[in-house]
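Asker: One structure follows; several queries about it will come next.
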Amino acid sequence: MPEPVKVLVTGAAGQIAYSLLYGIAKGDVFGKDQPLILVLLDITPMMTVLEGVVMELQDCALPLLKEVIATDKEDVAFKDLDVAILVGSMPRREGMERKDLLKANVKIFKSQGAALNKYSKKSVKVIVVGNPANTNCLTAMKSAPSIPKENFSCLTRLDHNRAKGQIALKLNVASDDVKNVIIWGNHSSTQYPDASHATVNLQGKDVGAFEAVKNDDWLKGEFITTVQQRGAAVIKARKLSSAMSAAKAICDHVRDIWFGTPDGQFVSMGVISDGNSYGIPEDLMYSFPLTIKNKTWKIVEGLPINDFSREKMDLTAKELHEEKETALEFLSCE
C-alpha cells in the first residue's frame with residue numbers, strides 16, 4: 001500500500017464538509033487503494049460539533065482512513081500537508097457589504113496562507129472553496145511565497161457542473177454527454193458560463209452545443225443567468241446553501257488535479273492568470289478552461305472568442321481586479 005496522503009479540510013464542522021469528508025474518506029478522490037490521513041480544522045466554538053463528525057467518520061469504518069486529526073490550531077492543521085481544501089470562510093451576513101466580507105476573509109486567508117508557507121510541504125495542492133473564493137485564493141497565494149503559484153486553485157467546478165446539467169436537461173440527455181462547457185472569471189454572479197466550445201453527444205455523434213440546442217437566445221440568455229444565479233435559487237428553496245453539489249464538485253476538482261483530465265476534455269478552475277492568451281490581466285485568480293496532466297494544469301489555448309464572449313470575460317475580470325485591489329489594501333494594513 002502506498003504512503004498515506006495527508007489532506008486538510010477547513011470549516012470541517014460545516015455542512016459542505018459534512019458532505020465532502022465521506023467522499024474523500026471512501027476513496028472517491030484519491031483512489032480506492034490510497035490510504036489517507038484526514039486533518040479537520042475549525043474555529044474553537046465548533047470543536048464539540050467537530051468531535052461528532054470525527055465519531056461518525058470512525059463509525060463509517062472506512063478501510064482507507066488511517067487517522068483523523070481534529071484541531072482548532074493552524075500549526076497542527078497545516079503540518080506536512082499534501083492537499084489543503086480550504087472550505088471555511090466568513091459567511092456573508094444580512095446587511096453586510098461585500099467589502100466587509102472581503103476584509104474578514106483577507107484576515108483568515110492571510111493567516112492560512114502563512115501557515116501553508118511555514119508548515120506544509122512545498123508540493124502542497126491548495127484548493128479554495130470559501131467565498132469570495134477567487135480573491136481568498138489570491139490572498140492565500142500571496143501569503144505563501146515559498147509555494148508555487150500554480151499549486152493554488154479555486155472552485156468553479158460547481159458552476160461548470162451546473163452548466164453541464166442545464167444543457168443536459170434542455171436536451172434530455174445524460175450530463176456526461178455534455179463536454180467542454182467553460183466557466184470564465186469569478187465565482188460570483190458575473191461569471192461567464194460559455195457553451196460556445198461545448199459539445200453534446202447525440203445518437204453517438206459529438207455535435208456543437210449551439211447546433212444541438214438550436215436556440216441561441218436561450219444559450220446566450222436564460223442558460224447564463226440560470227447558472228449565475230443557481231446558488232441563490234438553492235438557498236431560496238432550501239434555506240441553506242448548496243452542500244451536496246458543492247461537495248461533489250470539490251471531489252471532481254481535486255480528483256482531476258490528482259489524476260488528470262480525460263483526453264480531449266477540459267475543466268474549469270480558478271487559477272493564476274499569468275501568461276494567458278485571452279487578454280485577461282495578470283495576477284488574478286480567474287477561471288479558465290484547463291487540461292491537467294501529471295498534477296500540472298495548462299490553460300487551453302487558441303479557442304476563438306467572439307464579441308459576445310469578450311465583453312462577458314472582461315466584465316468578470318474587472319470585478320476580480322476590483323476585489324483584488326480591496327483585498328491588497330486590507331493585506332497591507334493587516
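Just so you know, glycine gets a Cβ as well, placed from its N, Cα and C.
Sharing the feature lines straight out of Swiss-Prot:
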- H187: active site, proton acceptor (ACT_SITE)
- G11, A12, A13, G14, Q15, I16, A17, N105, Q112, V129, G130, N131: NAD(+) binding site (BINDING)
- R92, R98, N131, R162: substrate binding site (BINDING)
Asker: Please find which two of R92, R98, N131, R162 have the most distant C-alpha atoms, given that the record lists them as binding substrate, and give only that distance in angstrom, rounded to a whole number.
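Answerer: The widest Cα-Cα gap among those binding residues is 24 Å.
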Asker: Between C-alpha atoms, which of these recorded positions comes nearest to A17 (NAD(+) binding site): R92, N131, R162, H187?
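Answerer: Answer for the nearest of the recorded positions: N131.
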Asker: Restricting to the record's NAD(+)-binding residues (G11, A12, A13, G14, Q15, I16, A17, N105, Q112, V129, G130, N131), give me the longest CA-CA distance in Å as a whole number.
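Answerer: Result: 20 Å between the two most distant Cα atoms.
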Asker: Can you figure out which of G11, A13, Q15, Q112, G130 (the binding-site residues) comes closest in space to R98 (substrate binding site), comparing Cα atoms?
Answerer: G130
Asker: Out of G11, A13, Q15, Q112, H187, give those recorded positions positioned within 10 angstroms of N131 (substrate binding site), comparing C-alpha atoms, in sequence order.
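Answerer: Checking Cα-Cα distances against N131 (substrate binding site), the recorded positions within 10 Å turn out to be H187.
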Asker: Could you state the CA-to-CA distance between G11 (NAD(+) binding site) and R92 (substrate binding site) to the nearest Å?
Answerer: 15
Asker: Taking the Cα atoms as reference points, how far is A13 (NAD(+) binding site) from R162 (substrate binding site) in Å?
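Answerer: About 25 Å separate the Cα atoms of these two residues.
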Asker: Rounded to a whole number, how many Å is the Cα of Q15 (NAD(+) binding site) away from the Cα of R92 (substrate binding site)?
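Answerer: If we compare the Cα positions of Q15 (NAD(+) binding site) and R92 (substrate binding site), the gap is 16 Å.
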Asker: State the Cα to Cα distance, in Å, between Q112 (NAD(+) binding site) and the residue listed as 'active site, proton acceptor', rounded to an integer.
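Answerer: So the Cα of the residue listed as 'active site, proton acceptor' lies 20 Å away from that of Q112 (NAD(+) binding site).
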Asker: So among the binding-site residues A13, A17, who's got the most Cβ atoms within 10 Å?
Answerer: A17
Asker: Let me know how many other Cβ atoms fall within 10 Å of the Cβ of G11 (NAD(+) binding site).
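Answerer: If we count other Cβ atoms within 10 Å of G11 (NAD(+) binding site), we arrive at 23.
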Asker: CB neighbours of R98 (substrate binding site) within 10 A?
Answerer: 14
Asker: For the binding-site residues R92, R162, which one has its C-beta crowded by the most other C-beta atoms within 10 angstroms?
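Answerer: Highest number of other Cβ atoms within 10 Å: R162.
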Asker: For the recorded positions Q15, H187, which one has its C-beta crowded by the most other C-beta atoms within 10 angstroms?
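Answerer: Per the Cβ count within 10 Å, the most buried is H187.
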